[in-house]
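Undergrad: Sharing the features that TrEMBL gives for it:
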DOMAIN    A:18-194  domain 'Heme-copper oxidase subunit III family profile'
TRANSMEM  A:20-40  transmembrane segment
TRANSMEM  A:61-79  transmembrane segment
TRANSMEM  A:85-106  transmembrane segment
TRANSMEM  A:127-153  transmembrane segment
TRANSMEM  A:173-193  transmembrane segment
């Protein structure tokens with residue numbers, strides 16, 4: 001019997017397809033550039049950023065966060081359910097889709113509110129970066145909706161099994177990456193510098 | 001991950017999100033920034049280890065994904081405080 005440290009560890013496995021992980025690395029690199037650009041510009045123009053943040057609602061940011069996190073949970077539960085060969089995967093994915101649609105509805109409401117106030121992408125540096133950062137993230141959410149819907153249809157047709165769920169894992173990873181980026185964007189855009 | 005572990009992860013994420021907004025009540029802007037960034041790190045690591053299931057993945061991938069929010073937090077803190 002082997003007593004090497006590797007033998008004592010559980011089987012280490014990277015979920016999903018390797019290509020998805022490289023895609024995720026590319027995506028978070030892109031967001032890194034925008035996040036650091038936002039932080040550095042905020043340092044250079046603190047008063048402008050504080051004024052811009054007055055038009056944003058932290059409770060709206062919290063609601064957006066909770067809808068995304070709930071959707072992420074439901075997708076993760078769907079993956080677990082496939083591995084356990086249990087039914088109800090497509091229902092969980094549809095529920096995740098519904099929660100993500102709440103995010104889309106809230107975000108569109110926020111965008112409409114800002115546009116009504118004349119705070120468009122050309123208003124000032126804060127709103128240029130706000131629209132760039134949140135708009136790029138929003139496009140990722142929309143792509144995520146398509147992926148989750150496609151996975152729900154495939155699950156409904158019995159396309160995933162315990163030994164064949166790499167595609168589902170990859171789609172779930174993409175959605176969790178969208179969550180991961182948002183948990184950084186939320187305080188950066190809505191909260192930092194908004195306190196007393 | 002087990003269903004129970006995923007639910008625990010989600011509850012922790014919700015509580016940390018509520019704490020993120022509550023931290024705006026801190027008297028000092030510097031303290032608020034540091035608390036916000038620590039809460040962000042906690043949430044990001046929960047997503048990486050829990051939802052993305054990297055807790056039992058090969059260590060280079062786990063290290064890379066856990067290091068990304070740290071790098072972003074250091075970048076944001078550095079830009080704000082230096």
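Quick reminder: no glycine exception, Cβ is built from N, Cα and C everywhere.
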Undergrad: What same-chain residues lie close to the transmembrane segment (A:85-106): Cβ under 8 Å, and 6 or more beyond its ends?
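TA: Residues 60, 63-64, 67-68, 70-72, 74-75, 77-78, 138, 141-142, 144-145, 148-149, 151-153, 155-156, 160-162, 175 contact the transmembrane segment (A:85-106) from elsewhere in the chain.
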Undergrad: In the same chain, which residue numbers or ranges, 6 or more beyond the ends of the transmembrane segment (A:20-40), come under 8 angstroms Cβ to Cβ?
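TA: Same-chain residues near the transmembrane segment (A:20-40) but 6 or more away: 14, 129, 132-133, 136-137, 140, 170, 173-174, 177, 180-181, 184-185, 188-189.
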